[in-house]
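Engineer: This structure is in C-alpha cells; I'll ask about it shortly.
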Amino acid sequence: FYWDLTMLLLMVGNLIIIPVGITFFKDEHTPPWIVFNVVSDTFFLMDLVLNFRTGIVKEDNTEIILDPQQIKIKYLRSWFVVDFISSIPVDYIFLIVETRIDSDFYKTARALRIVRFTKILSLLRLLRLSRLIRYIHQWEEIFHMTYDLASAMVRIVNLIGMMLLLCHWDGCLQFLVPMLQDFPPDCWVAKNKMVNDTWGQQYSYALFKAMSHMLCIGYGMYPPVGMTDVWLTILSMIVGATCYAMFVGHATALIQSLDSSRRQYQEKYKQVEQYMSFHKLPADMRQRIHDYYEHRYQGKMFDEESILGELNEPLREEIINFNCRKLVASMPLFANADPNFVTSMLTKLRFEVFQPGDYIIREGTIGKKMYFIQHGVVSVLTKGNKETKLSDGSYFG
C-alpha cells in the first residue's frame, strides 16, 4: 500500500514538474534537477523490478497469477517496454556518451543542438503516464469494492485531474516548440516580448493560450501568425474538443451511475403515473398508490429476486439471514429454533407492504399464507368488535 502510494505521488510529481523543467529552465543539469531525476529514475527502476515479482489478476478476476515465470512473460508482453523506456535516464546517457566522444562539444555550435535534443529525450519520462493510469485504475477498483459513492468521486476527480494535466502539458508545449526554434520573430513569445521574462510569467501566458485553444474561446494574446503556431493551435483545438467530448460523456455516465437504483425507481414510477392517468383513477386511489410505492421501495428499486437468484446457495442464505436478523431476534418462534429450520423458513418468505386501512385477511376465508410482522402494527378485528394489536415479532394467518 505505502509503496503504491509513494509511486502514485512520485508519478504525479514527475508528470507535472518534468515538462516545466524541460520547457522553462535553460539549464536542466543543476544539482537539484539532477538529484530529482536520479531519485525518480531509481524509484521507477525499482518498481520495474518489483513488477516481475507482483501477482497479476486474470482478466475474469477468478484467479491471481503468482508463478514468477508466467508473471515475467505476461509483463514482458504488455507494459515492460514502455516502463523500461520511461525509467532509464536516456538523456543523461546521451550526454555522457557525447561528452566522451567530444570533450569540447560545449564550445561548439553543436552544443546547442545536443542540449535541445536532450530536452526531447527527457520527454520520454512522460511515458510514465501509462503507469499512472494503471495505478489509478487499481485504486478505483479498491474504492469500488468498498464504497460506491467514493468510487464515483474518485473517478470524477481522476477525470478532472487528467484534463488539467493535458492543459498543463499543452501549455508547456506551446512554449517548448518556439524555444526549440530559438524564438523566431513571428512566434507568440517574441511578439509578446516574453523571451526574457520569468518562468512564472511565461508559464501563465502559455497555459492561458493553451486553455483558450482547448476550450475554443480564442487564441490567447494574439492569433497565430507563423506556420508552427498555426499547427500548434490546430493540435490544441483537436485535443481540447476531444477531451471536452470525453469529459461530458464520462461525467454524464458517472452522474447516472451514482444512484442507478433511484433512477430506475423514477422511471418505474413514471410508468405508474401514466397508467393511473390512462385509466383515470380517482385522486384518493392515486395517493394510496403513491404511498405504497414510497413505503415499498423507499425511492430505490432493485430486482432482488434476480440478484439473489444469481448467487450460490450458501451466499444467498447468508444474505437472507442478515436481512431478516431483526425479525428472527424479535420472534420467539425463531429465536429458539434450529438454525437450519430458520434458514429454510426465511428462504420461503416474501416481502410485502400493507398500508393503513388495508384488509390483509378476512375471517372465514381460506388461509393460504402466514404473515410474520417485521415492522409495524396489525389490528385483529373479530365479529364481537373486539380489537387486538399485533406488532413486531408477531405472526398470523
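These residue numbers are counts, starting from 1, taken along the chain as shown.
Here the Cβ of each residue, glycine as well, is placed from N, Cα and C on the backbone.
Per TrEMBL, transmembrane segment is recorded for 6-25, 34-56, 203-222, 234-255. Summarising the annotation, TrEMBL assigns domain 'Cyclic nucleotide-binding' to 333-397.
So where do these features actually land, and what's packed around them?
Structural biologist: Using a Cβ-Cβ cut-off under 8 Å and counting only residues 6 or more beyond its ends in the same chain, the transmembrane segment (6-25) has close neighbours at 33, 36, 40, 43-44, 47, 119, 122-123, 125-126, 128-129, 131-132, 135-136, 139, 165, 168-169, 172-173, 175-176, 179, 199, 202-203, 206.
When Cβ-Cβ distances below 8 Å are used as the criterion, the transmembrane segment (203-222) is approached by residues 20, 23-24, 166-168, 170-175, 188, 191-192, 194, 233, 236-237, 239-241, 243-244 of the same chain, each at least six residues removed from its ends.
Here the domain 'Cyclic nucleotide-binding' (333-397) is broken down by DSSP into helix, strand and coil counts: 13 helix, 12 strand, 40 coil.
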Engineer: Same chain only, please: residues at least 6 beyond the ends of the transmembrane segment (234-255) with a C-beta under 8 Å from a C-beta of the stretch. Say none if there are none.
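Structural biologist: For the transmembrane segment (234-255), the list is 152, 155-156, 159, 163, 166, 170, 174, 210, 213-216.
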Engineer: Please average pLDDT over the domain 'Cyclic nucleotide-binding' (333-397) for the predicted structure.
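Structural biologist: When the pLDDT values over the domain 'Cyclic nucleotide-binding' (333-397) are averaged, the result is 82.
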